[in-house]
Amino acid sequence: MKLKHLFSLLRLSLIVLLIPALFTKTLAQEPLTEATEQNNQSERIISFHTDIRIDTSGMMYLSEKIKVYASGDQIKRGIVRSIPVYRKDIFGDRKSADFKITSILKNGKKENYKTKSDGSIRSIYMGNEDIMLKPGIYTYEINYQTKGQVGFFKTYDEIYWNVTGSEWDFEIEKASATIVLPNGALAGNTACYTGPRGSTSKNCSININPDQSVSFQTTESLPSGSGFTVASAFTKGIIHRPSNFELFYQDYLKITLTLLLLIGLGTYYYISWSRYGRDPEEPVIIPSFNIPNNWSPALLRYFYIKKIDDKSFAISIINMAVKKVIKISKGAGLKKEDYAVEKSTGLTNVLSKEEDAIYVRFFNKRNRIYINKSNGSTINAAKNAHQDRLKPQLDLKGFFISHKKSLIKSTLITLAVFVVFMVFVETGTPLMLLFLSPFVVIGGFCFFAGFKMIGESLPVGIFLIIWGAGFGGVPLYMLLSNLSKLPIISLIFIVASTIMYALYVYLIRAPTVAGTDVISKIKGFKMYLETAEEHRLNMLNPPEHSPELFEKFLPYALALDVENAWGAKFEELLNEADYSPDWYEGDKFYYPRIAKGFIVPFSSAVSDSKPDTGSSSGSSGSSSWSSGSSSSGSSGGGGGGGGGGGW
């Protein structure tokens, strides 16, 4: 009996102990399951609704209610809503369409927020920097107003609005909008569009309510990258149409300011050039067969193009051959196209200073050198010596005035005009272009300089190429990737002002009186070289045509880039004489095309001989906006748009 009571007591004790445990398990299970389900949910926009109300002044009042699920992944403090402060007109140009925030709410209570702008987009950051949200559902309400969004057409007025924008980081499960028209207005054609920007898909429904408000709603969810756009035409004349002055102010103010800035900049360039860069009065050009200042061909070319190039080096070699100091032959090397230069019978005392420098480098303990990469180091050394001996012979500063002070002043004024343009006309992208451009220029300069430096110093050349590519390449990529975002008016301003500045820099360098005198002599000499019918030049006792005269002036014709005309001038004579120069051995000369047949291949061989380094259909009206309620609309069209995410 006692044993029976003992077992009963044990059973009762177990029941008493198990009931709290079972009860506790039941209470904890439901919240745990719910928490697990929430943790498995992805962040998304549950619903996005916009109320749009227009008054008779054209002011548009918007209230966006965005319900989101936040898990703490991207939405940590709150959401970000990015809205454009421009819209594109029928020509694709950006026009200002700013907005004013009136209030921000979260779950019906006033919410802290801050804004950031990049010039074309204003982003609203809702939440507090120091407060993290718990996972859950939140409803944000953004109230703002904007003007100038109504389209005015021939027979109707219209609201064409990009409700959500297509640049959200999240899926939008449901989007809707209601347009409340001004008193007395009747709804006309309506349309809605869904999908990525430019899509004409219509996965949405439209309902015109008894009060003439229009309701729109999507019938499918919108994945990230898709948006929802609505449009409604309504009675013309209810909203005050802007006057011609207002239209001009809205549509053409930026164009007018841009034109005024360009005209002002161009006027300044002209006045500055006229004062400092205008060339002295040029003497009468007299055709002459006299070599200007008795200069060598390379020296004449240095003055003519104001720099020393690879052709100058090749011309000096050819002039040495014409003087019979060296001989040029083709096909003498391992390859048919190889050129060779060897000593000849002429005396070296007839060589100019820069020609003598080449001779010394070419024939140091040798009688022949092949113009190919195996002799690249020697040829490069000869090029450098040629340049070093050529430059000191002619101080271009004595013949041309650079006007550095005027150039610096003009550069500063140009930059100031750019700043004015960015402040009063366009901001954002042009500012970025102005910031990145110096990096591209400096990087590009170092990059290309590296290739020239390889022949002299391989490590320095490779370093410049790699450094220049990195320093200028990334900014260049950023520039090119943002060209499509650049407003047309900004592109026009940047291109036009850059061209004017480059032209000014080129023209401001004016010749002195001495420089003008040499220029006139060169023009007269060039006129003689390229004119076939010399009797028209009225020259006194011109030299008789002969093979010797052809050879004498050939390097000078090359220096002034008229070698083909000079060759054509002697074609008949040289053919009759079956002329073949004794300073050249190889393919037969074709005189009218001597540049293509000999000069270009030889110059290319010289410059390539670097050392190896390894191996809308809406009706027209006074509006500049396109129509969305007609068949020409699409997702992403109209005003509004943008997107957002979390922070």
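Each residue, glycine too, has its Cβ placed from N, Cα and C.
Per TrEMBL, compositional bias 'Low complexity' is recorded for 614-633.
According to TrEMBL, the compositional bias 'Gly residues' annotation covers 634-647.
Annotation source TrEMBL lists domain 'DUF2207' at 45-234.
According to TrEMBL, the feature domain 'Predicted membrane protein YciQ-like C-terminal' maps to 288-570.
Per TrEMBL, the feature region 'Disordered' maps to 608-647.
Sequence annotations record features per position, and here TrEMBL assigns transmembrane segment to 252-271 (among others). Within its own chain, the transmembrane segment (252-271) is flanked in space by residues 95-96, 410, 413-414, 417, 420-421, 424-426, 489, 492-493, 496-497, 500-501, 503-504, which lie at least six positions past its ends and keep a Cβ under 8 Å from the stretch.
Same-chain residues lying 6+ beyond the ends of the transmembrane segment (407-425) with a Cβ under 8 Å from its Cβ atoms: 254, 257-258, 261, 264-265, 268-269, 272, 431, 434, 489-490, 493, 497, 501, 504-505, 508. What TrEMBL records for 407-425 (among others) is transmembrane segment.
Taking Cβ pairs closer than 8 Å, the transmembrane segment (431-451) reaches residues 119, 418, 422, 460-473, 475-476, 478-479, 482, 486, 494 in its own chain, all 6 or more past its ends. Here TrEMBL flags 431-451 (among others) as transmembrane segment.
Annotated transmembrane segment per TrEMBL: 458-480 (among others), in sequence order.
The transmembrane segment annotation in TrEMBL covers 486-507 (among others).
Mean model confidence of the domain 'DUF2207' (45-234) amounts to 89 (pLDDT, 0 to 100 scale).
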